[in-house]
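K.L.:
So that we are looking at the same thing, I have put the structure below in structure tokens.
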Amino acid sequence: MSYALLRPFLFNMDPEHAHEMTLSLLDKAHKARVLGLVYGQSMQPTDCMGLQFSNPVGLAAGLDKNGDYIDALAELGFGFIEVGTVTPKPQAGNDRPRLFRLKQADAIINRMGFNNEGVDYLIENVQRCKYKGNIGINIGKNAATPVEKAADDYVYCLERVYPHASYITVNISSPNTANLRDLQSGEALTHLLDAIKNRHSQLATEYGFYVPLVLKVAPDLDPIQVDYISQQLLDFEIDGLIATNTTLSRVGVEDLPDGDQAGGLSGRPVSHISTQILQQFSDQLDGKVALIGVGGIDSGAKAVKKIEAGADMVQLYSGLIYKGPGLVQSCIQSIGGYYDAMEN
């Protein structure tokens, strides 16, 4: 069954239940060995952060928080999969309802709150999966951990996931964990990156191999914050930046049903602001830090916009919900066409 036929059925369901059902159906299709026949794998080889990717279009964190569906999702043609956000201990997240579709705007508001089964559960799934491509693991802090002790949670997760991840993303930009975004500014960011990078260097020595470290930031940053974060990335030799997470802005959706719900807004309305922030970081970092563009990509053309703004690779999430799995191939082909045109 095509996604276009399935979507009306899914969109009549509770969003979180529909999310769970979609992943379950995807897993069944994977086990029946039909996914690869439908979607296949487009090649657009990409080197980034010292890693080789089959193509530059990845799955953003949040869709498969616990790594339960890595093999099934990989068959949609992604060049890499990012799982999480995962925390040291399992946690239920915020109360339901916590996920809202804004259909008129092709947007989603979520206040999930890092619901996950804990880092050890995720590691078991990563070890069990058969996918041979790059897997990023996105780490966060437990809601019960005071922000002053956040570094302890991040370092704990870093230690646990290090030997199992292709790269590790430090998520300090979710708006749904109290005070988490405070870690993006001033001494809090410096203290966090210092603790993480010190342990990261030790782990590289202990294991004898290097796992790239990535920071994920919000789109709700002013130029001073962009400048400061950029300098911290350079000072601590962070390998990559994911720009961006969801926004607290409600511009363009404030009058829609559920447009005033608390949480982070993703989808089409965040496209412009996230691309602007990406461009600002690109200007500041001048190719010294790998950039992954995410936010509002619902077409191949939007993916190319991220590349034009300085992204080395892109990630999808909300666009998949509205456009379906065919979006992956569309983005790969559009990016490939863009690079071909640049060479000619």
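Glycine residues also receive a Cβ, built from the backbone N, Cα and C atoms like all the rest.
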K.L.:
Please state which member of Thr46, Thr85, Thr190 Swiss-Prot lists alongside Ala61, Gly62, Leu63, Asp64, Lys65, Asn138, Asn171, Lys216, Thr244, Gly267, Gly296, Tyr317, Ser318 for binding FMN.
P.N.:
Thr85
K.L.:
Of all the Cα pairs drawn from Lys65, Asn110, Arg111, Met112, Gly113, Phe114, Asn171, Asn176, Asn245, Thr246, the residues the record ties to substrate, which distance is largest, in Å?
P.N.:
16
K.L.:
Express the distance between the Cα positions of Asn171 (substrate binding site) and Tyr317 (FMN binding site) as a whole number of Å.
P.N.:
16
K.L.:
Let me spell it out: for each of the binding-site residues (Gly113, Gly267), count the other Cβ atoms within 10 Å of that residue's Cβ, using every protein chain shown. Which one has the most?
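P.N.:
Answer by Cβ density within 10 Å: Gly267.
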K.L.:
Could you give the Cα-Cα distance between Arg111 (substrate binding site) and Lys65 (FMN binding site), in whole Å?
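P.N.:
That comes out at 14 Å between the alpha carbons.
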K.L.:
Express the distance between the Cα positions of Ser174 (active site, nucleophile) and Lys65 (FMN binding site) as a whole number of Å.
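P.N.:
One finds 14 Å between the Cα atoms of these residues.
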